[in-house]
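Swiss-Prot annotations:
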REPEAT    45-134  repeat 'Solcar 1'
TRANSMEM  51-76  transmembrane segment
TRANSMEM  109-135  transmembrane segment
REPEAT    141-225  repeat 'Solcar 2'
TRANSMEM  147-172  transmembrane segment
TRANSMEM  200-223  transmembrane segment
REPEAT    237-321  repeat 'Solcar 3'
TRANSMEM  241-267  transmembrane segment
TRANSMEM  296-314  transmembrane segment
Amino acid sequence: MGVSAEPRSLSVARAGLASPVIEKARSALLPSQDVEDTVETLMLHPVIKAFLCGSISGTCSTLLFQPLDLLKTRLQTLQPSDVGPRRVGMLSVFLKVVRTESLLGLWKGMSPSIVRCVPGVGIYFGTLYSSKQYFLRGHPPTALESVILGMGSRSVAGVCMSPITVVKTRYESGAYSYESVYAALRSIYCSEGSRGLFRGLTATLLRDAPFSGLYLMFYSQTRATVLHGADELDAALMPLVNFSCGVFAGILASLVTQPADVIKTHMQLSTVKCQCIGQVATLILKTHGLRGFFHGSVPRALRRTLMAAMAWTVYEEMMAKMGLKS
């Protein structure tokens, strides 16, 4: 009996010592489940949902309306020697691109546009949603609050995506040839430094921030007016209401911000260092007159209006499907 008791006590002691080790090993064997749970929790976060909805809506609108952006860029960068005495419009540029670069030439710059718009629109909607939840606590924004929220969200997205915007503009102009988006970023950084990757950022923010602020204000106020007292509105009509309000808001916001867009395009295409907004604006005025600040206004208004209207329509529908209030 005495001999057999010793091994039993040793086994109990060993079991006591081993249990923490076993538990530690067991927890180490199940990290994948913990990771899956963490990922699932993150994916269920409302801000992540808003980001995903915005990214998907941005992808759809970019694929459809990229040709309008290319035509806008080409119109804004026409030189007087290219135009001659006659006036060149969107149709003339469209026919020239199709004739010299084929129909697919209208989608030149598609890669940087997708790289820019997919995360860019996602960042915008994600920032906008989180800002609304934090500052407004679910209350509908006033006109001034809409302007501030729109401008702030667009500024965050604009700064994050500025290098890709520069590459996209140069692709679309036809004046630069890069092998890929990465090669373009590397070439710009090597030849122009980090400043080259953010060329035209101020003009971009002066264009995009007011556009988004005004757009959100017009969109929110128009939508609230249309839906006022219409609680029984058929759900099938909501996409049409959202799209119509988006078109109206886009036209107004595009007209106000067109000059800043022209200045931005010229700055991003220039390789001259330390060229400020005033210098570019003066050059445009001397070369093209006041009309030069509205070159490409038709394709830009069409593109921005339709893109924003479609993006918001898809975003609103997807957020509603996920049970979230946009």
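Cβ atoms here come from the backbone N, Cα and C positions, even for glycine.
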Within-chain partners of the transmembrane segment (296-314) [C-beta distance under 8 Å, separation at least 6 from its ends]: 53-54, 56-58, 60-62, 64-65, 68-69, 71-76, 89-90, 121, 211, 215, 219, 239, 242-247, 249-251, 253-255, 258, 261-262, 265
Result, the transmembrane segment (109-135) in contact with the transmembrane segment (241-267) (3+ CB pairs under 8 Å): no
Distant-in-sequence neighbours of the transmembrane segment (109-135), which means Cβ under 8 A and at least six residues beyond its ends: 46-48, 50-55, 57-59, 61-63, 66, 69-70, 141, 145, 149-150, 152-154, 156-158, 160-161, 164-165, 167-169, 171-172, 180-181, 184, 212, 216, 311, 315, 324, 326
Tally of residues which DSSP labels helix, strand or coil - the repeat 'Solcar 2' (141-225): 73 helix, 0 strand, 12 coil
Structural state census, the repeat 'Solcar 1' (45-134) (DSSP three-state): 77 helix, 0 strand, 13 coil
Other parts of the chain folded back onto the transmembrane segment (51-76), taken as Cβ under 8 Å at six or more residues beyond its ends: 88, 90, 93-94, 97, 105-110, 113-114, 117-126, 169, 172-174, 261-262, 265-266, 295-296, 299-300, 302-303, 306-308, 310-315, 318-319, 322
Helix, strand and coil residues within the repeat 'Solcar 3' (237-321) as assigned by DSSP: 75 helix, 0 strand, 10 coil
Average pLDDT across the repeat 'Solcar 2' (141-225), rounded to a whole number: 91
